[in-house]
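These notes are about the structure you will find just below.
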Amino acid sequence: MGLSPVNIFKPFGLGRAKAVIAAVSGGSDSLGLLFLLKDYLSTLESPPVLIAVTVDHKLRAESALEAENVGLLCQKHGIMHCVLSWDDPKPAHGLAAAARTARYRLLVQAARDAGAGFIVTGHTENDQIETFLMRKARSGHCEARGLAAMSPRSLLEGSVKLARPLLTVSRQALRDELTRRGIAWVDDPSNANIDYERPRVRLGVAAEADGQEVLEQIAQAGAARERDNAALVEALADPATLGVDAAGMMFLNADCYAALSPGARQLFSGLLASIAGGRRFLPGDGERRRIERMLSGQDAPRRLTVFGALIERGEKGAPHRFRRERRNLPKLDLVPGQHIVWDGRFCFFNSGGRSFEIAPPGRQELIDFLKNSGRDIESRRCEALLISPALYEGGKLASVPFLPGAEWPQGVHIERHFAIFDHVLPGHDFALAQAVEARLGRACAEIS
């Protein structure tokens, strides 16, 4: 008896989508996914359009032919198919991570172009076990949040749902299914290249591990992650816990912070450091412990710079403060019709007809701008403006959007951006992200 497509896919609500993107490389996992998904969608009264997308990473000479063969197989079975290529220059280091980032970027673009609400991938139980073992080796201990491994559901770029329905299905079960159907697959030789981390783990420690024991450890790590998240969600329900100014400086109630468990404190302050610094990931375990010790008064310094964030401990009832440090702030061009993210902290939308450069103002430049406009603001507000974006036109400072009473150029709109949530948001953290956003908001206003 084969696998049940209904049992696998029904919990994900794919039937509500206009279209579904299946990521298909031609390997056994993705082909197993494709044909099980096709069978499931055929049971629906009004099924979404199924589109198979193959990403050619251009890393091997054979990859173009393999992508073409996936297309021929899809054509034979009446499945829409397209190939997307990663044509960018390849990095000398971190190739696997760069390829993964490019792959998801291309898949998200394909989903948006097709109006697809879901991207579905063929990650299996074997991949889940390998992910746990890889992260455990990196973390050095068993308390890391990443040991919850992959979430069955995630949100990509704030709008496209990612589903991993096969995390409880073994690779062998998928191969048995394909064999039963008479469908051949291709083994990517890079999956056996021990220069890469995952193949090294797959052929080494994963081959010797007790799979059931690892899955139990994943469940335990997931439960611990949920407990820490729930503690923060509960704390954030109180409006007094967390505040923010227009430039993104956050104020954390010291008493609320002290009332949390050490693990929840490390998560909370690490999360705020990531948001303040515009980073996509939490600081490492050691960095999070260092922040927590400083804010709890266990370590002497009252200020700490971590992950691009400047963190200051509040004294005598004052809140702890988190803001961007004034280093490595970017300069970006904003042309008509463009939507860009600046410094991982702000989204700019330009629906007007003018082009600008976005950059932080220099101190003297800001002082002169304030003087020429007849404004005088206190030092604290000036410091906040120095880590905020300003708009330049023709090389001249044209607008300081967060200055009290400032007028934004026509057609320019700014929103707050949370890099840690807005690119890849694991399902583990949906409730936490909603609670944080409810406190911090997206709207930007003047610094007052």
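Heads up, the Cβ atoms here are built off N, Cα and C, so glycines get one too.
Per Swiss-Prot, these features apply:
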{"type": "BINDING", "residues": "SER25, GLY26, GLY27, SER28, ASP29, SER30", "note": "ATP binding site"}
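GLY27 (ATP binding site) falls outside any helix or strand according to DSSP and counts as coil. Over all protein chains present, the Cβ of SER30 (ATP binding site) has 22 other Cβ atoms lying within 10 Å. Excluding the listed site residues SER25, GLY26, GLY27, SER28, ASP29, SER30, the same chain places VAL24, LEU31, GLY32, GLY122, TRP185, VAL186, ASP188 with Cβ atoms within 8 Å of the centre of the ATP site Cβ atoms. Over all protein chains present, the Cβ of SER28 (ATP binding site) has 23 other Cβ atoms lying within 10 Å.
Around the Cβ of ASP29 (ATP binding site), 23 further Cβ atoms fall within 10 Å across all displayed protein chains.
The Cβ of GLY27 (ATP binding site) lies under 8 Å from the Cβ of GLY122, TRP185, VAL186, ASP187, ASP188, ASN191, each of these being in the same chain and 6 or more residues away along the sequence. The number of other Cβ atoms within 10 Å of the Cβ belonging to SER25 (ATP binding site), over all protein chains shown, comes to 23. Counting every protein chain shown, 22 other Cβ atoms lie within 10 Å of the Cβ of GLY26 (ATP binding site).
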